[in-house]
Each structure stands twice: as structure tokens, then as C-alpha cells.
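Asker: Annotation comment: Swiss-Prot describes 33-190 as domain 'Helicase ATP-binding'. Summarising the annotation, Swiss-Prot assigns ATP binding site to GLY46, ALA47, THR48, GLY49, THR50, GLY51, LYS52, THR53 and lists sequence analysis as the type of evidence. The annotation motif 'Beta-hairpin' is assigned in Swiss-Prot to 99-122. Under the heading domain 'Helicase C-terminal', Swiss-Prot lists 436-589, citing sequence analysis as support. According to Swiss-Prot, the feature domain 'UVR' maps to 659-694, an assignment based on sequence analysis.
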Amino acid sequence: MGFNIERVDKPFVVKSPYQPSGDQPKAIEELATRIENGENDVVLMGATGTGKTATTAWLIERLQRPTLIIEPNKTLAAQLCAEFRELMPDNAVSYFVSYYDYYQPEAYIPQTDTYIEKDSNINDDVERLRHQATANLLTRRDCVVVATVSCIYGLGTPEEYAGRMLFLKEGQQINRDDLLRRFVAMQYKRNDIAFTRGTFRVRGDTVEIIPVYEELAIRIEFFGDEIDRISTLHPLTGDVIAHEPQVHIFPASHYVAGPERMERALKTIREELDGRLSELRKQGKELEAQRLDMRTTYDLEMLTQVGVCSGVENYSRHLDGRAAGTPPHTLLDFFPDDFLLVIDESHVTVPQIGAMYEGDASRKRTLVEHGFRLPSAMDNRPLKWPEFLQRVGQTVYLSATPGDYELGLSDGVVEQIIRPTGLLDPKIDVRPVKGQIDDLLAEIKARVARNERALVTTLTKKMAEDLTDYLLERGIKVEYLHSDVDTLRRVELLRMLREGKIDVIVGINLLREGLDLPEVSLVAILDADKEGFLRSYRSLIQTIGRAARNVSGVVIMYADETTEAMRQAIDETDRRRAKQIAYNQEHGIDPKPLIKKISDVNDMLAKEDVDTQTLLEGGYRNAGKAGNTHLGVPVLDPNEADKRHEEILKAGLPAQDLADLIRQLSEQMHTAAEQLQFELAARLRDEIRDLKKELRQMTEAGQ
């Protein structure tokens, strides 16, 4: 890489109350040995519930290499990222997915002469996490990034991004106004009133900025032209969190370009425009030429005056200084050369990565042909599969059902079949289609009586909805789940199933990879003998796996004949089950039910309240308001917080005042959670923890 930032080299450490067990020690050892011996592609075939996530974390700890983990969708990426943050709390675990909550790409339909403007809704929190991932990668080696295929899309050059980075330290000579100009050049905006992420404000000799990848603000205090002090502070309360002798501040956009680079880009865009206009006019496409001239001239003016324009990514080839046809810079370019790639659910993710380029290219080709974009817009694209392979090194493929591609690359798979809990793969029962609904109803009632749950998978949406209506009429608490159900509702339904508010979910293709439901003891597969994508060997194995987290897990396939896919799935499940039974008998293990916490923000609040109460009962009970009076507590204005902080410093009993502040912030945390401001509640929780740590130190010191 062409930039020079010294990365902090901190060891990867897994912090877990558990040790590797079952097949995990053998799998970790074999994976690590193969990678250390230089094998480029290694496959871990891990049965559902065997702890593939923990195995991956221990593998990273063993290899001590920065790691990229690619997931097939945002939901699984978020789930895995949360698990890794628990397993590696002291390392930089980042989340990198598309920041669009809604995205309608720019498109043109020639048949109806319809132009569709790009329309999108950006999620600010996800954008912050993307910037946090790139900032971590450039400053630390102990990085794990959990991403989706978003990581193969263009992102601007790491050299330019790092080159525009600002390094500040106490005692440094820099003029305040020069610093403000640097912030503007890095695409930060000045806003002295609404102080939010990506903005800075000035108060006399004090400059405050919230980097686009941070939740805390940075305060830079000047004495003349010298930086006197640097601190991080809570942007809401104004409380100083920590003193920072030095800081790195990265640009507010990944598509940032210096003056020289921008000047060169403007020149090459004009040259390409002139050439393309001439070409279109020779072909008699006057309308297309006029359209392209008007749109590109406007974009050039915006780039000249502001440094950015709508759809700036379409000019990324010029801004990066790349040759025509060359691949874009992506997140992969931000990693050190020795990074490890882990592809989770590889049977889904590998084809997904390979398919991204063509879909993007066909849409852009139409835009270019009809004068909506310059031909260089074609180079703002995802990586092609061969380009992706050139940029990655050693790869671990994880799946319960590895695809033919990865099986063909690897010299035998590493198996992880034995579960640490001793749980077995479910029994499989094949029953005739005739009378299947009444038989299913009887099985569901038996599960409901035992306080267990059931999943039913159908082939069509209509069938899912009709079956749901039928079960509802017979008093079963049931909901359906298919592609028309939005993501938030999907998460809510799965939570309701785990809590027992509903007993059955009927779905189509959504009950497969990564669904972690220990309460489910029955999985019913209707029309199991209808061959196709939803009833292939891999789909059946994944669906069967949903019942593998319960001691009494059973799978019922309703079919009049046994297809080849069914036979393979049954044989593989029986093979795994026999191996698991033999291991349990040899080691005297009784299968234990998997107890998985139903995570909730209320759990976090309750846990924090217990800890706070225990601490404050040590002599600070009169501080603040008595009892739980968090309803309606206003959030502190930053100015009031500054005043409050000064009062605490002047007070004769600092510990007492600190306890008072902890109570106030606890009340604010509850208020934020009730208003569904979970990000704010989490920030307040973190600050409360810091203050409690300080109070404990004071108590221990006898203050």
C-alpha cells in the first residue's frame, strides 16, 4: 500500500467462559495447521449448532491475522458481528454492509422511454460503522470486519483516504483557521448550532468535531497557534470522557480527493465528454448527446465548486486515476496483505459474489447507450469473480452444506459434527401426503402441550397463508413468514416464537441459514418430494438443521416418494447422528438443551440497574432522586451538562456528586430506551459504566 500509517499491533484475544469442546479443538487445530502450511482454500463443514462462530474466533486468535468475514445478508452479518464483539471485546470488530435502508438505482427503460432517478435512504448509523471499519483497518492490526457483498463495491482509494487523514497531537503548531479549512477539505461541515456526526463547531480558541465514524466528539483547545489540549467528550452532556495526547481524524467521505487529483479528474472527465459527444453525434444521436452534455456539465460545475456531486461514484475512475476497464478500489484494498478471508454460508455467498457484476453492468450499459452517463460509469462497479480472487489470499469456507465450487478447490473438508452440548441431529420421519394437514395439526398440538415450538415450510406464499388461516381457525397461535414480510417484522415474529407468544411459524425459503431457535422441536417439510431449488439436498439439510438445537428435535417430511435429494439429506443426517451418538456414549455425555438468551434492550437496562443499585447502596443512597423515576426525564442540554460537570469538580464531596450524576444518566438511559432511541441508550450506558468505574476507584481510595 502506498500510505504510511503505523498500525497498532494488539493481540487477538477470545474472552469466553467456555473452552473449545466436541469437535472444536480438532477443527481449530486442523484448520490452523492447513493455513500455516500454506493451503489457500480450506473448507469447514460444520453441522448446525456445533459452534462454527466460536471456532472461527479461536482460529483467528491462533493465527493472529486481520480477518474479513463475508455473510450472505445483513441480518446474519449483524448477528455474527454482535457475537464476535462478545467473544473479542478488546479487539476492533467492525460491521460493513450497504448503508441504504432503501435503494432504487438509476435506470432507463428504452421500451417505454422511462428514466428512473436514483433514489435512496441512507442509514446514518450503518454509514458510521462503515467509516469505523475503514478507520480501524488503517490504524490497527487486530481487526475483524463482518461484511456482506457490499465489500466488493467501489469505495475510493485507501491511499487518498489515508492521505487526507489529519494527525493532531498536543504541542503541535497549527493555525486554528488552517485547521478549519482542513476540516472543510475533508468534507466536514461547520455547524455551531446542531452539533452532529460529520460536523464541527468553533467557540473562541476551542474547536470541537464529531468524526463521521465516532459517537464521541473531539475537543481541540488552542493556546495561540499551538494545540494545548485534546479531549474526547460526550456530545450530548458535554462531559469529558478522556484526555487524548494525539488523535487521527479521517475524512467524512470515502470519495475524497485532494486538489491535484480533483483538477486532473475534471480534465479527464471533460476529455471523455468531448469524445463521447462527438461519437454520439456521428451516430445521429443528437438527443442523447444533448442529454449527456447537460448532465455532465452540471456535475463538473458541482465538482469544481463543492468537491462533490450527486452520483459522484460514477466518476470514480477519473477521481481514482484508473485506466479504462480496471477494477475499482474496494474494502479489500484497506486490509493488510496477510489478511484472512472467511466466507460464511459459502454455498450461498460464493455464487452471490460471482453474480454481482453482470446485474450491475446490464443496467449501466443502457444508461450509457442513451446518454445518461459517460462510458466511464461502467467502471464504477463490483469486482468480477477473478478480480475478487486476485485480491484475497487464504480463504476458509464455512457451511453445513459446502457448495461444489469450494469442495472442488479443497483437499478434503474439515468436519465439525459433534456439538459441545451433546445435542444430536434430529430424527427424520417420512410420511404420506394424504392427510398431511390433519397429521401436522396433531403433531403441533403435541408440541404446544410440551411448551415447544414448530416450523412448517411450504412451497408457495398462498399455501403458507392458507395453512396459517387453517391453523388459526383450530386455535393454534401461528404466523406466516415470507418475502412480503419486512425485516423488522421478521425479527419480531422470530422473537415472539421464542417467547411463546406464538407456537408455529409457517414459511417458505426464510427458514434456513442462520436461524437460531433452540425452542423449536418440530420442523415439518410439506411437499418434500417436489424437486427444485427449495427441496434440493442443500436446502433440505439447512432446513433439517433448524430442529438440531432441541433435545427432542424431529423433522417430518411429507412425501409420496423419496427423491434423490431426500435420500442424500436423510443419509447425511443419519451419518452425523450415528457419529454424535457414538461420541456421547464414549464420553458419557447426556445431550443438554441449548439455553440461548432472548436478547432485549430491557435485559441490558435491568442488568445495568442492578449494578448501579449495588454500587450506590454503598453510602450514596441519598444522591439524586429516590426510586425509579426515569419516566419523562429530559435529556441534559450540553451547556447544562458543562455547568453540572464544573459543579462536580468544585464540590466538596466528589463521590457523592458522581453518584448523583450516575443516577441522572441512568434515568436518561431509561427515557431514551422508552422513546426507542436505542443508540442513545447504549451511549449513556457506556458513559454510566465509565463513571461507575471512577466511583469505585474513589471508594477504594477512601475518598
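Every residue gets a Cβ built from N, Cα and C, even glycine.
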Asker: Within the motif 'Beta-hairpin' (99-122), count helix residues (DSSP H, G, I), strand residues (E, B) and coil residues, in that order.
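Answerer: The motif 'Beta-hairpin' (99-122) comes out at 3 helix, 15 strand, 6 coil.
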Asker: Would you list, in sequence order, the residues of this chain other than GLY46, ALA47, THR48, GLY49, THR50, GLY51, LYS52, THR53 that have their CB within 8 A of the centroid of the site's CB atoms, where the site is the one recorded for ATP?
Answerer: THR55, ALA400, GLN416, ARG419
Asker: Same-chain residues six or more away whose CB lies under 8 A from the CB of GLY46 (ATP binding site)?
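Answerer: Those within reach of GLY46 (ATP binding site), by Cβ under 8 Å and sequence separation of 6 or more, are ALA27, LYS52, THR55, LEU398, SER399, ALA400, GLU415, GLN416, ILE417.
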Asker: List the same-chain residues at least 6 positions away in sequence whose Cβ sits under 8 Å from the Cβ of THR48 (ATP binding site), in sequence order, or say none.
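Answerer: Non-local contacts for THR48 (ATP binding site): ALA400, GLN542, GLY545, ARG546, ALA548, ARG549.
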Asker: Identify, among the binding-site residues THR50, THR53, the residue whose Cβ has the fewest other Cβ atoms within 10 Å in this structure.
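Answerer: Across THR50, THR53, these binding-site residues, the one with fewest Cβ atoms within 10 Å is THR53.
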Asker: Near LYS52 (ATP binding site), how many other Cβ atoms are within 10 Å of its Cβ?
Answerer: 23
Asker: Taking 10 A as the limit, how many CB atoms besides its own sit near the CB of GLY51 (ATP binding site)?
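Answerer: Around the Cβ of GLY51 (ATP binding site), 22 other Cβ atoms lie within 10 Å.
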Asker: For THR48 (ATP binding site), name the DSSP secondary structure in the helix/strand/coil scheme.
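Answerer: Its secondary structure by DSSP: coil.
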